[in-house]
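Asker: Features from Swiss-Prot:
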BINDING   GLY8, GLY9, GLY10, PHE11, ALA12, ARG51, ASP285  6-hydroxy-FAD binding site
CARBOHYD  ASN251  N-linked glycosylation site
SIGNAL    1-16  signal peptide
Amino acid sequence: MKHIVIIGGGFAGVSTAHRFLKNVGKSTTAPYKVTLVSRDSHFFWNIAAPRGIIPGQIPEEKLFQPIAEGFSQYGPDKFEFVLGTATDLDVGGKTLVVDVDGKATRISYDYLIIGSGSRTKIPGPFKSDGSTDGVKQTIHDFQERVKAAKTIVVVGAGPTGVETAGELAFEYGTSKKIILISGGPTVLENRPASVTKTALKQLETLNVDVRVNTKAKDPVTLPDGKKELTLSGGEKLVVDLYIPTFGVLPNSSFVPSQYLDSNGFVQVDQYFQVKGAEGVFAIGDVSDSEAPQFWFVEKQSVHIAKNLILSLSGKAPTPYKASATGMMGLQIGKNSGTGHFGNFKLPGFLVKTIRKTLFVENLPKTVDGSML
């Protein structure tokens, strides 16, 4: 029996497991079992996190769904869920070491898919940083702090920062001071100029105070609990709530260093196989294949699931062609948005309509595989 072990309880891991389990029986009668390893008991719909930190906007059950229940249709002979954290990988021995309730558990594999994702450089509400309970508590804490704050600064003007500032300003733009700090000359740097211009205008319409070409040093906590930031121009900014949205780190600490690039991302070839590691593959944010964006992860998941089935059927896998087209869509408050496909700017009304709910209705269908 072939044992496929998948690491990660997010989009990469859960979607790949479902795609394989739903389709493998159509192509081969070879015996198999899938084990999904996740440090999170629940799937976190972090696409909606910028709105989720605002009190009363999104119920907890629309942000989190239990993973194991979503796989109940396959039966224990075909699927097993392991709640634990990957701590070590023995490529030669084809063994993964997982910390399960403080105990080191060794899991052997024939194929290993690493879809462990990434985390923010500074722990916050946008990605899980260890457990479902932990990120739930973080979101609840942020909701309380957002409610109480009179001045909020968002540092980092990439998509997460812009969406977060937009959501906050839509709700509180006339009652709280919302500041967005960008280290570059505009927001959404390296995106088409027409998109950055539109985003900037939409933010300003919502009363966001956008500071460009500005760096902020790590904040100092004052005796009253407020944060003091020293900006690159020398200005000292005192705020009630500091929200960092810059930088991600791959969750690859368990992978031997020879398989990682200088930034800690897993190096893969055109088949998503980890370079130099037979039978080990990596997709999504943890790999060096494409930008860490949802639609790229979906494409990669489809491809790796098909290749796994081909391998079990004794057929050659097919190479993946990475996308050379940049794309983005984001909501800026509930009534505006912008985005692009390549150099083509997407109409704001289209982005707003598509992203109106931040896709929370797709969470249950993603976890149980019914929308794949």
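Using N, Cα and C of the backbone, Cβ positions are placed for all residues, glycine too.
Describe each of these features in terms of where it is and what it packs against.
Answerer: Within 10 Å of the C-beta of ARG51 (6-hydroxy-FAD binding site) there are 23 other C-beta atoms, taking all protein chains into account.
Take the CB of ASN251 (N-linked glycosylation site) and look out to 10 A: across all protein chains shown you find 27 other CB atoms.
Residues 30-44, 46, 67, 70, 86, 96, 107-117, 128, 283-286, 294, 297-298, 300-301, 304-305, 308, 312, 366-367, 369, 372 of the same chain lie 6+ residues outside the signal peptide (1-16) yet bring a C-beta within less than 8 angstroms of a C-beta in it.
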Asker: Just the number: how many Å between the Cα atoms of ARG51 (6-hydroxy-FAD binding site) and ASN251 (N-linked glycosylation site)?
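Answerer: Answer for this pair: 25 Å between alpha carbons.
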